[in-house]
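Data block below; observations after.
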Amino acid sequence: MSSQKKKISLFAFFLLTVITITLKTYFSYYVDFSLGVKGLVQNLILLMNPYSLVALVLSVFLFFKGKKAFWFMFIGGFLLTFLLYANVVYFRFFSDFLTFSTLNQVGNVESMGGAVSASFKWYDFVYFIDTLVYLFILIFKTKWLDTKAFSKKFVPVVMAASVALFFLNLAFAETDRPELLTRTFDHKYLVKYLGPYNFTVYDGVKTIENNQQKALASEDDLTKVLNYTKQRQTEPNPEYYGVAKKKNIIKIHLESFQTFLINKKVNGKEVTPFLNKLSSGKEQFTYFPNFFHQTGQGKTSDSEFTMDNSLYGLPQGSAFSLKGDNTYQSLPAILDQKQGYKSDVMHGDYKTFWNRDQVYKHFGIDKFYDATYYDMSDKNVVNLGLKDKIFFKDSANYQAKMKSPFYSHLITLTNHYPFTLDEKDATIEKSNTGDATVDGYIQTARYLDEALEEYINDLKKKGLYDNSVIMIYGDHYGISENHNNAMEKLLGEKITPAKFTDLNRTGFWIKIPGKSGGINNEYAGQVDVMPTILHLAGIDTKNYLMFGTDLFSKGHNQVVPFRNGDFITKDYKYVNGKIYSNKNNELITTQPADFEKNKKQVEKDLEMSDNVLNGDLFRFYKNPDFKKVNPSKYKYETGPKANSKK
């Protein structure tokens, strides 16, 4: 490269950087992101959508000259690559994309080290090959660079071409997916049609809009939501209303549990024999097999939030992290004010995770038994926290000392991605799909099942079982779409988008003192739990703002919204813009008569719930049946075993 003609000009370096970033992004679409790409138009959009913003950003550096212009171009390209790779790793773990809201959850990463490290793949070097080559040239082969300035009069042309390409991209996107930016809640749609870089810009704009919404909110906004939710309220079932008044309420959170495990056998052995028994209808528990999680990016925290508030989580980020200082009318506070319940949460992790130590105060939760109340010695810990069997045993001992009535929420941890378990704790062989995540899930789910059985037996021994309402539920899916190939081997069937929606069943079991069990096939979600519990306790709900309906009410609403705008009814499901029959998961070509009504209801539910959170609307509510929670009243002391970790 001794001649001037063979040197790399700044514009050539610009083109190389744009092309390699575009190719890496296209690679990620097919290797790491599950975007459901079909047809020539969508593939063309995938090739087009990274280019516009990447070229626009990097073209700014064409105004510079000399070596620093190359360095600025390199740094800009590296930052875009880093954004792409950060999304790749995040998607592998959460099946979603990074937003400005999720940056508020970065403090959780330290506590999830093992799970995060499992998200790295051997081929990840592909994302940085070009970066290393460019860095080598900039440091060791500067003589290859033509440092003459690029003609500034052509820079606006490059920028204009980038903007024009963006609008062409948007036109294709709107043709293939109408009202993309105004109606969709699903980040996968946005990334598929706009690319991860334009999505980041879009998310930034939405974040600013949401922050402004609180400042502009008024009592009129609250009135609109109240009028909407009151139209949806259902009458309680007289056979169940008040039957659990002042009974203890125990809520058991099964981490990452999905009900495809119920009655599932691996190598001839039942994966969850105890839960199978509870699901039979012959025990005192009523089992809801068509109960779905409704979480978004907040995952576990979203499930807690939805079940204790009958609100949906946020479309971006976690309500715990972003709206933890809002005013709420939560289930624990209502139970306290109406019937004198004392509430607690028990969890084998530290209290700052998911901002729990702050948000629980706004829920009116009296006590938080975090990791400092348990022996966190290395032998007792696996993956993200305390082993479930030890957690349940110690928690039952704490509960035995409580004064009735209490509302107690237990959050398990062992059945958490990446589903690792000490060999001595494994009592079933892994499945043999070849996918470490799916195969490990079988073992950790069995361990969770055994831990739950030991806990229920412990409650009986301690005299707590008969006088308690006991709820059991899965918080969110454990196996994401990234593992569909392995799931097909495990289940012996094709995992289509419709089937994956079916797999979002996480189950709900409830034991009510004085009532026999059974199987209830109503379609329901986590948003329905709060009104159910209030009615069981004999509390009139007409003045409470809730989006769910009582599971035992004859008027229970069987339309189950998902956070991305999809939904399922007792007859069909709406997934990725298509309608499928629940009977056989086949595509329905004739639109059901109630489809538009249900779709509008789902969109309105999510919109109204978002308005409540973004506007902090409960601060305006003068509810005659509720006194606003004063969070300063609550303080969560460090437990007696704070120094047990070794």
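Each residue, glycine too, has its Cβ placed from N, Cα and C.
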Shared topological domain relative to the membrane, Val31 and Asn630, Swiss-Prot: yes
Further binder of Mn(2+) named by Swiss-Prot next to Thr300, Asp475, His476, taken from the candidates Glu255, Glu270, Glu450, Glu453: Glu255
Separation of alpha carbons, His416 (substrate binding site) and Glu255 (Mn(2+) binding site) (Å): 6
For the region 'Disordered' (623-646), the number of residues DSSP places in helix, strand and coil: 3 helix, 0 strand, 21 coil
Secondary structure composition of the topological domain 'Cytoplasmic' (141-153) [DSSP: H/G/I, E/B, coil]: 5 helix, 1 strand, 7 coil
Outside the transmembrane segment (154-174), six or more residues from its ends: residues with CB under 8 Å to it: 14, 41, 44-45, 48-49, 51-53, 55-56, 59, 62-63, 180, 193-195, 198
Other CB atoms, at most 10 A from the CB of Asp475 (Mn(2+) binding site): 25
DSSP-derived helix, strand and coil totals, residue by residue, for the topological domain 'Extracellular' (29-43): 8 helix, 0 strand, 7 coil
Glu255, Thr300, Asp475, His476 excluded, remaining Cβ within 8 Å of their centroid (Mn(2+)): His253, Leu254, Ser256, Phe257, His293, Thr295, Lys299, Ser303, His416, Gly474
